[in-house]
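Engineer: Look at TrEMBL and you will find 20-37, 84-102, 114-135, 141-170, 182-201, 207-228, 290-311, 331-348, 355-373, 379-401, 421-443, 455-475 tagged as transmembrane segment. Residues or ranges marked as domain 'Major facilitator superfamily (MFS) profile' in TrEMBL: 27-479.
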Amino acid sequence: MRSLAPGIKLITSFSRDSWYRFSILILTFVFYTSYHLSRKPISIVKSQLHRNCSNVIHPADLNITDNDTWCDWAPFDQNNYQNLFGVLDNCFLVAYAFGMFFSGMFGERLPLRYYLSSGMLLSGLFTALFGLGFYWRIHSLWYYCLVQALNGLVQTTGWPAVVACVGNWFGKGKRGFIMGIWNSHTSVGNILGSLIAGVYVSSAWGLSFIVPGIIIACTGVICFFFLVEKPEDVNCTPPQHHESVEQEPLLRNSSSNEEIFSSHTSTAVEPVEEHTEAISFSGALKIPGVVEFSLCLLFAKLVSYTFLYWLPLYIANIAHFDPKEAGDLSTLFDVGGIVGGILAGLISDYSGGRATTCCAMLIIAAPMLFLFNKIGQNGLPTTVCMLLWCGALVNGPYALITTAVSADLGTHECLRGNSRALSTVTAIIDGTGSIGAAVGPLLAGLISPTGWNNVFYMLITADVLACLLLSRLVYKEVRGWCGYTTRQRG
């Protein structure tokens, strides 16, 4: 009998269920990569909208009235340009934070395939409209603010939907590691967005938005034709969300609903019925751990998004790189974020301590941020090293909370099999975090005129607060590892 070709052997070695699960990971990875790819251009283009025109050679036939601002793009040619950039960021982020609290509820009541597809098509439209302002020669701040706000609203369709979709296909077993790898889409999207925007930023910055807009619109079409929301839709086996006693749950609730991270018990998980009624907003807040992780993410995302929107401008101002070089160098922060997200998931899977993993990384991040501000400009090798370290430590906890922790809490045992809570829980956690994402860049815009040192002090303070908010959960995890049991009330 002839032997099969090696490639065919590889294909047939995996089951039908495995191929479907793999395809869902790849598709949702590409979808959310495109979301972040379309958000990144504004941070790259900032240094082109306002630059030091005295060092730029102007055309001979151009009548110049102000040698310092002739090459800037109005209305960002004023002395308060940093405040205007902060307002522009906030229009997107406030709309995103506001919409996120409702997006999860819509996501649980509407087909995910339609919801994601329409969200990506609209995101492509509004991203492109920002870039068209260059060709239409629009100099109204209100136009750019309106486009940013509308884009922020439609971008909320992405995160709850992709996490809910992945949660529908994957159980708890190695969720931290799988989602740690999968969550690198955030950093990959930021890197690709920076590189694509950097290609056009110096020649025609409008294309820095139009090209990413076209890309995310195309992925919306792919989503419409190929996304499978649940295993049951194609007769695949649904995942096991709650482990038996031989496998320690990653987030286990005691019978009193007071213990969040319990010690080992001998009580098996009871069979549960599958409920189809979507959970309410208040009901999701009552799930143990949701409030603590949501508030922690508020401050963790404040730090991450301040870097996302202001790092290229900081590098350009402090290290004196041109806009393209600053944008390319800023991608190293996201490269570090990929490694940090994977390590956070791997460590938390091994230890069973989601909160402790986040807290440890946040503790180390605080002095690293201080060092980055002090020595980060002392040569290119130092800058590269500090960007990688800070990216890993800042984005690691952020990635873990928005993926594995959200999925754990959205399939918590106290829900007793209600599979429709995942999108709402994810939206609450990420929506609360998005408030911090809106506040961080705004504060950076207000504080940066007083000096970049003060911006970093603000970031370090936020990092410490994020750590403190997890202290109760860390205490419970440590008690569980030491063999203590929680005294139940009643």
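All residue numbers here begin at 1 and follow the chain in the order shown.
In case you wondered, yes, glycine gets a Cβ from its N, Cα and C as well.
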Engineer: Suppose I define contact as three or more CB-CB distances under 8 A, residues 6 or more apart in sequence; do the transmembrane segment (455-475) and the transmembrane segment (141-170) meet it?
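Structural biologist: Taking Cβ pairs at least 6 residues apart, the transmembrane segment (141-170) and the transmembrane segment (455-475) are not in contact, as fewer than 3 fall under 8 Å.
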Engineer: So what's near the transmembrane segment (421-443) in sequence-distant terms, Cβ-Cβ under 8 Å and 6+ beyond its ends?
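Structural biologist: Tertiary neighbours of the transmembrane segment (421-443) are 86-87, 89-90, 93-94, 96-97, 100-105, 107-108, 156, 159-161, 163-164, 167-168, 278-279, 281, 283-285, 287, 290, 293-295, 297-306, 308-310, 398, 401-402, 405-407, 409-412, 415, 455, 458-459, 462.
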Engineer: Please check if the transmembrane segment (290-311) comes into contact with the transmembrane segment (379-401), where contact means 3 or more CB pairs closer than 8 Å and the residues in each pair are separated by 6 or more positions.
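Structural biologist: Answer yes, regions in contact.
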Engineer: Taking 3+ C-beta pairs under 8 angstroms (sequence gap of 6 or more) as contact, is the transmembrane segment (331-348) in contact with the transmembrane segment (182-201)?
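Structural biologist: Contact criterion met.
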Engineer: If we call contact 3 or more Cβ pairs under 8 Å (sequence gap 6 or more), are the transmembrane segment (207-228) and the transmembrane segment (182-201) touching?
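Structural biologist: With 3 or more qualifying Cβ pairs, these stretches touch.
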Engineer: Applying the under-8 angstroms CB criterion, which one of 20-37, 84-102, 114-135, 379-401 scores highest with the transmembrane segment (182-201)?
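Structural biologist: Between the stretches 20-37, 84-102, 114-135, 379-401, 20-37 has the largest tally.
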Engineer: Across the whole of the domain 'Major facilitator superfamily (MFS) profile' (27-479), what does the mean pLDDT come to? Round it, please.
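Structural biologist: For the domain 'Major facilitator superfamily (MFS) profile' (27-479), the model's average pLDDT rounds to 83.
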